[in-house]
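Engineer: Sharing the record's features from Swiss-Prot:
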| type | residues | note |
| --- | --- | --- |
| DOMAIN | 33-198 | domain 'FAD-binding PCMH-type' |
| ACT_SITE | 177 | active site |
| ACT_SITE | 227 | active site, proton donor |
| ACT_SITE | 297 | active site |
């Protein structure tokens, strides 16, 4: 216990009191609204603080997890042993003629609207994606025929040796829901976007149209992590799930949405185990019916209860 207190004391030397919390329910920090407690939640306000936190974790042999706004995250019911480093306070935004520099904690929807306000086109597709910039660039988030990779010029990262460096587009190895950042477990700090000048009214109309389509077709009224599964090559996950007769299928408080089969939702006070059991059931059913493997798009971390 003294060892843990020493670790907390070392963190509190440079992390503001309000940005350092003990024994925090992760369900309050994920869009699924499930998950057990994390031992320590820390919210750095400067890039340099991240390195210092990681150095302390290594010194005291403490696990750490990098999280954004938790919109693509499922934390198991036993929670997280160690430290969750939440990057949402790294949210500076600079807008130039056709460039935007965004901190990793900037919400994507906010970024999309700011681009619209400056008559910059290229980020309309991101208007309804609930993630933040750091997670979005790491997984090359996309929707409605748009992807983050189409508009990224460079990303400032912390590499796995703790060094800060800038990766340019050709070094980022973007693929479907993947990048060099994800592959090498780098931490995305700041992204430079290159956009095009456009007609503000057309940009606004496109955003309005995409938001309307989202509201009509997605179960936004329930907690979820967006699309639960990646798109398998040559197929659509939602169609495979629906054709397997799983639309509306529930386990505990979790359900395959009857509005969009690609979403597993927290319909009625689900546990993480309910959601994980339903994910496994869907994967097994689709595999047995169509011989197609469904890989999860959502990131799953933590311990079972």
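Cβ coordinates are placed from backbone N, Cα and C, and glycine is handled just like the others.
It should be emphasised that the depicted structure is a prediction, and the values quoted were computed from it without experimental measurement.
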Engineer: I'm checking region-level scores; what's the whole-number mean pLDDT for the domain 'FAD-binding PCMH-type' (33-198)?
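Structural biologist: Taking every residue in the domain 'FAD-binding PCMH-type' (33-198) and averaging pLDDT yields 96.
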Engineer: Within 10 Å of the Cβ of residue 297 (active site), how many other Cβ atoms can be counted across all chains shown?
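Structural biologist: Taking all protein chains shown, residue 297 (active site) has 18 Cβ neighbours within 10 Å.
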Engineer: When you measure from the Cβ of the residue listed as 'active site, proton donor', how many other Cβ atoms are you left with inside 10 Å?
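Structural biologist: Its Cβ shell of radius 10 Å holds 20 other Cβ atoms.
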Engineer: About how far apart, in whole Å, are the alpha carbons (Cα) of residue 297 (active site) and residue 177 (active site)?
Structural biologist: 8
Engineer: Between the Cα atoms of residue 227 (active site, proton donor) and residue 177 (active site), what distance do you get, rounded to the nearest Å?
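Structural biologist: About 12 Å separate the Cα atoms of these two residues.
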Engineer: With every protein chain in view, what's the tally of Cβ atoms within 10 Å of the Cβ of residue 177 (active site), excluding that atom itself?
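Structural biologist: 18, counting other Cβ atoms within 10 Å of residue 177 (active site).
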